[in-house]
């Protein structure tokens, strides 16, 4: 993934090479991850695009198909990867991910333990946060899911920052080799309270734990389990509301497109009428309209944070 490579992380102007992972952007809700191969083509409703035509272009380029249609070639980032990855499990999205990274106090050089890996959405962002000298050890009890995640991380160039292991953390706990060495622990488990005693042993003094749970009953059990070894226990629910912004044409009465909201004039144009309308002057204005999106992402889960109590 482009920002991870120390030799390239400060510039998105690097030219695309064969074998690179490229995010093909058609529109904001339609993107695909493509690995560039010289003799391959990418085909969509806009036409056929030859991979060979993409080689040598800088990321962010607009490229044309055989029919004159176009797409944009974007550099892969954890944010874009979250939008294009294969969903093998429920994933964390950007609002929750950014909140987790902030409250876990993850910085370059940190050692982070995660269970379970799932589709790898959060893991990818964790890897960028700890780069270049930190490491993420992620565990999943499902072998096939772990193998697919490992392939994704290799494809994204993150193998040096992420180690994937098949292990039932609820039943076995974290490996004792990490005892007292983890800066942060993240749990996404059906019964996270079973893994919390082990997580407490893994954390450094003053280390931070986060547990993601979709149900409030899971949160209650988790908070009870955290009482013995943790302090500063907090639970959050992150809800995001986005707005549509567009320019509309308003008529002379201040109405437009069925909206009762009055205009915010930006441009004004006068049109002189011809015969038959008594020479009236009709004015039209354009206004910027802002309204909540009709589809809003609701509850995803609860984030419970706790700090290991100092002895």
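We count from 1, first residue shown onward.
Every residue gets a Cβ built from N, Cα and C, even glycine.
The S-adenosyl-L-methionine binding site annotation in TrEMBL covers 119, 120, 121, 122, 140, 168, 188. Cβ neighbour count for residue 188 (S-adenosyl-L-methionine binding site): 22 (other Cβ atoms within 10 Å of its Cβ, all protein chains included).
Residues or ranges marked as region 'Disordered' in TrEMBL: 250-280.
Among the residues 119, 120, 121, 122, 140, 168, 188 said to bind S-adenosyl-L-methionine, no two Cα atoms are farther apart than 20 Å. A C-beta separation below 8 Å, combined with a sequence spacing of at least six in one chain, links residue 140 (S-adenosyl-L-methionine binding site) to 115, 116, 117, 118, 146, 149, 164, 165, 166, 167.
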